[in-house]
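Enquirer: In case it's useful when we look at the structure, here is the feature table from TrEMBL:
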COMPBIAS  77-99  compositional bias 'Basic and acidic residues'
COMPBIAS  113-123  compositional bias 'Polar residues'
REGION    77-123  region 'Disordered'
REGION    181-203  region 'Disordered'
Amino acid sequence: MLTLTAAGAVGVSLSNSSAAPSAHRGADVTTNAKLDPLNNSAASGHAQVTISGSNLKVVLNARRLLKGMPHAEHIHFGPKARHECPSVRDDSNSDHRLNTAEGTPAYGPVRISLTTKGDTSPDSTLAVNRFPTAPKGRISYSRTIHVKPALAERIAAGKGVLVIHGIDYNHNGKYDFKGAGKSELDPSLPAEATDPVLCGRLQ
Ligand SMILES: [Cu+2]
């Protein structure tokens, strides 16, 4: 009986000491973003990112998007950015739409591409065949992504901004050049495919 108690005590002590260092490294941090429409879109959504060391578990739901077309989605961050969503004041050429570049002072450059598979780096910013296509106008996305520790820390500190792109300005059910011309990011794509539609700061 005494031996069992001692063994039990040792077991408890071991599990306590093994739990302590991981708590010291940092418990999981959960950030949330209410996704608000940009460019007079009717879309809405919510994102949650749970930071666990260098892993980010991203869960994202959005609705009232152009259906059946790819929607690029990213986490943006820049050390010099304002860590917020752009406003009409960011419409630097006063054309009454915010393109992705005009939003950069607010949310910074792309740091993570929320693709459905494969690479998630900024290299995949416009990987249109690996982004959700919003059947019925809805996106329901979940993926765990490994990132560099410094970036995970910045996002855990509430400095990441989640942006979803793709808006059908002329309501013809597709991305086309008649909506708003060429994309400032890639002239082979319509601006409708790359302009931001939803945005929220992860905090
Ligand atoms: Cu983006």
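In case you wondered, yes, glycine gets a Cβ from its N, Cα and C as well.
Small disclaimer: the values here were computed from a predicted structure and weren't measured.
Each of the listed features needs to be described in terms of its position in the shown structure.
Expert: Counted with DSSP, the compositional bias 'Polar residues' (113-123) comes out as 2 helix, 1 strand, 8 coil.
For the region 'Disordered' (181-203), same-chain residues at least 6 beyond its ends with a Cβ under 8 Å from one of its own Cβ atoms are 31-39, 41, 43-47, 49, 62, 65, 69-72, 75, 83-86, 97-101, 103, 107, 125-126, 128, 155, 158, 160-170, 175.
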